[in-house]
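Have a look at the structure below before the remarks.
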Amino acid sequence: MSTESKCPFNHAAGGGTTNRDWWPKQLNLKILHQHSTLSDPMGENFDYAKEFKSLDIEAVKQDLRNVMTQSQDWWPADFGHYGPLFIRMAWHSAGTYRTGDGRGGAGAGQQRFAPLNSWPDNVSLDKARRLIWPVKQKYGRKISWADLIVLTGNVALESMGFKTFGFSGGRADVWEPEEDVYWGSETTWLGGEERYGAQKKMQQPGDGTLVAEPENHANEESRTASGERNLENPLAAVQMGLIYVNPEGPEGVPDPVASARDIRETFGRMAMNDEETVALIAGGHAFGKTHGAGPADNVGPEPEAAGLEEQGLGWRNKFGSGKGGDTITSGLEVTWTSTPTKWSNEYLENLFGFEWELTKSPAGAHQWTPKNGAGAGKIPDAHDPSKRHAPSMLTSDLALRFDPAYEQISRRFLNNPEQLADAFARAWFKLTHRDMGPLARYLGPETPAEELLWQDPIPSVDHALVDDQDVATLKAKILASGLSVSQLVSTAWAAASTFRGSDKRGGANGGRLRLAPQKDWAVNQPEQLAGVLKTLEGIQSEFNAAQSGGKKVSIADLIVLAGNAGVEQAAKNAGQHVTVPFAPGRADASQEQTDVESFSFLEPIADGFRNYQKGHYKVSAESLLVDKAQLLTLTAPEMTVLLGGLRVLNINVGQSKHGVFTDQPGTLTNDFFKNLLDMGVEWKATAGGTDTFEARDRKTGAVKWTGTRVDLVFGSHAQLRAISEVYGSSDAHEKFVKDFVAVWTKVMNLDRFDLA
């Protein structure tokens with residue numbers, strides 16, 4: 001008898017048609033359950049900061065310096081030095097950051113995983129990471145991939161004669177792809193149709209030659225576009241799979257002026273101003289080259305699509321040797337300077353020293369070469385010492401000359417090389433550290449002493465902190481001040497809920513709720529907020545004036561303490577006595593320490609926890625709630641119990657009654673869940689839309705409650721309903737209060753990295 005199974009076995013666990021296939025618009029809660037101990041091989045007790053502090057950074061840097069010039073046959077170094085490749089690796093790791101939601105960036109080593117490891121803009125960076133694997137292997141748990149990638153970029157710059165601004169460690173690795181980052185809706189690599197909508201396509205310019213005089217372009221909208229392109233938020237790249245812009249020009253059209261618009265938009269969304277943008281491009285392109293030795297159809301599949309035998313590498317190239325002088329990466333074949341492994345100002349000297357005309361790379365990509373054969377023989381070949389070339393430029397390079405604002409900065413850097421060096425050092429540090437959060441997270445001996453405005457500085461605590469007796473006294477004064485539970489809780493929530501786990505910005509520390517721009521945000525109800533802050537500042541002044549020995553309470557601490565007092569009073573109103581944990585130690589930042597423009601990105605377009613939405617968006621209100629919860633590092637159960645508690649504490653913006661499913665607001669009960677799950681009412685959309693709903697008594701038809709999509713999703717979505725049933729049960733009140741206090745405390749302390 002044959003032992004072969006008669007039943008075909010065609011699929012393994014996890015395969016087949018998924019719920020997402022059946023219901024593509026189903027609310028995605030998986031983004032709330034990423035990076036747990038189930039995916040982390042390091043164990044629950046692993047302390048990366050402790051390990052990093054034991055690292056001999058100078059020894060690591062020496063090992064990296066050795067790697068720089070030890071060219072490997074399997075991937076030869078351009079010009080005998082891997083430095084430019086490593087700069088690109090670090091740049092592309094950090095350059096995914098965007099200000100809109102703080103996601104992306106170098107902070108978790110995501111370049112190792114899909115989709116970033118397979119983006120078209122990251123071709124050959126798989127080799128860069130393999131080149132430094134021996135260093136990672138040697139130091140193991142003491143340095144993360146996230147830190148090593150950035151450090152390697154710094155060492156590359158230093159090894160080629162550039163003085164960097166510094167380096168800080170502290171980026172802990174994650175062990176799976178981030179599922180919360182929205183990279184766009186396009187379904188093809190290098191697509192851009194969704195992020196720009198049905199906007200007019202760029203048209204090819206006429207003669208293919210750029211006129212030399214920049215003033216001819218000063219008042220020109222564009223030679224290729226009739227208006228601004230509107231890039232979808234929060235995206236910061238013009239096409240799917242690019243870090244910033246298309247180096248050939250918008251949609252591949254070689255128009256430097258139009259390219260400047262894309263550069264300004266994308267770099268601006270990564271928190272870079274014009275000077276920082278010029279410095280990054282001019283500084284980065286002082287080194288190395290691009291690669292376009294032959295047609296792109298010679299290049300095989302990306303790492304995620306390559307065969308097992310490729311062992312995580314991709315883009316196998318069948319053109320010539322497939323490496324060295326035959327490398328194909330971007331399809332562009334550009335070398336900017338005659339000293340591509342040495343810091344110099346030659347990039348700008350060449351940019352302004354030649355007049356440029358359009359040509360094509362061997363791969364057929366648009367690039368620029370000096371007119372009339374100028375510069376021939378100036379540039380060395382990356383692999384053949386017998387060959388010489390003329391300098392060349394990208395369309396995005398020429399944007400620095402023919403955009404009026406960029407041109408002014410570029411000429412200043414051309415005439416003042418020391419200004420470029422300083423600006424590039426600072427911009428590079430900002431690029432590679434922008435998503436690390438406050439200085440409390442910076443580790444290592446090379447951390448700069450200078451405090452920078454974009455780091456959202458907070459003063460050090462220079463006074464004695466309040467003790468338990470002081471806390472009790474202050475809470476009593478707060479509760480006797482006439483402020484309601486709703487006012488106390490909503491104010492603390494407004495302060496703490498600005499935190500973003502993505503780039504570690506925001507939170508209650510710093511007391512910036514009292515400063516511009518936060519004090520004026522509509523979501524914070526400025527008129528009510530001003531009154532609450534005035535009362536709390538009075539309590540603060542009275543308390544501090546009565547102390548001896550320098551003891552003080554900051555307004556940042558007092559705002560959180562007031563929220564805690566409100567929660568405790570609400571629990572007491574419900575018959576439960578709880579003490580909400582409180583850890584003093586927050587300090588108050590000044591307006592001068594607060595970059596208003598930078599902080600404006602923290603203003604929520606929606607806060608489902610306060611039933612607030614600034615406008616009408618394509619994204620559903622419930623999806624925006626989950627997005628907010630993910631930024632607050634909440635799980636689905638935490639999100640559920642927190643929202644249910646905040647609803648009955650009546651903190652909705654504008655005192656809206658939507659979702660306040662209780663007859664006793666200000667009392668910490670599980671009424672939200674009990675009444676949402678009540679089968680004695682029937683929910684129907686209100687007239688004119690599907691954003692608000694009414695619950696009518698099934699017998700009388702009377703309206704009992706009103707709610708939003710954010711409220712109703714907790715009864716509609718199967719997973720959220722299952723959690724809601726836990727908190728809506730008859731025996732759940734004690735658990736509900738306990739769990740609410742725990743997650744409330746978590747949110748209040750999200751930015752307290754000093755407590756870790």
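Backbone N, Cα and C atoms are what each Cβ position is placed from, and that goes for glycine too.
Note that the structure is a prediction, hence the values are computed from the model and not measured.
Taken verbatim from Swiss-Prot:
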type	residues	note
SITE	R88	site 'Transition state stabilizer'
ACT_SITE	H92	active site, proton acceptor
REGION	198-230	region 'Disordered'
COMPBIAS	214-223	compositional bias 'Basic and acidic residues'
BINDING	H285	heme b binding site
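Features per Swiss-Prot, on structure.
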{"residue": "R88", "record": "site 'Transition state stabilizer'", "Cβ contacts under 8 Å, 6 or more apart": "L125, A128, G288"}
{"residue": "H92", "record": "active site, proton acceptor", "Cβ contacts under 8 Å, 6 or more apart": "Q111, D121, N122, L125, I243"}
{"residue": "H285", "record": "heme b binding site", "Cβ contacts under 8 Å, 6 or more apart": "W336, T337, Y347, D397"}
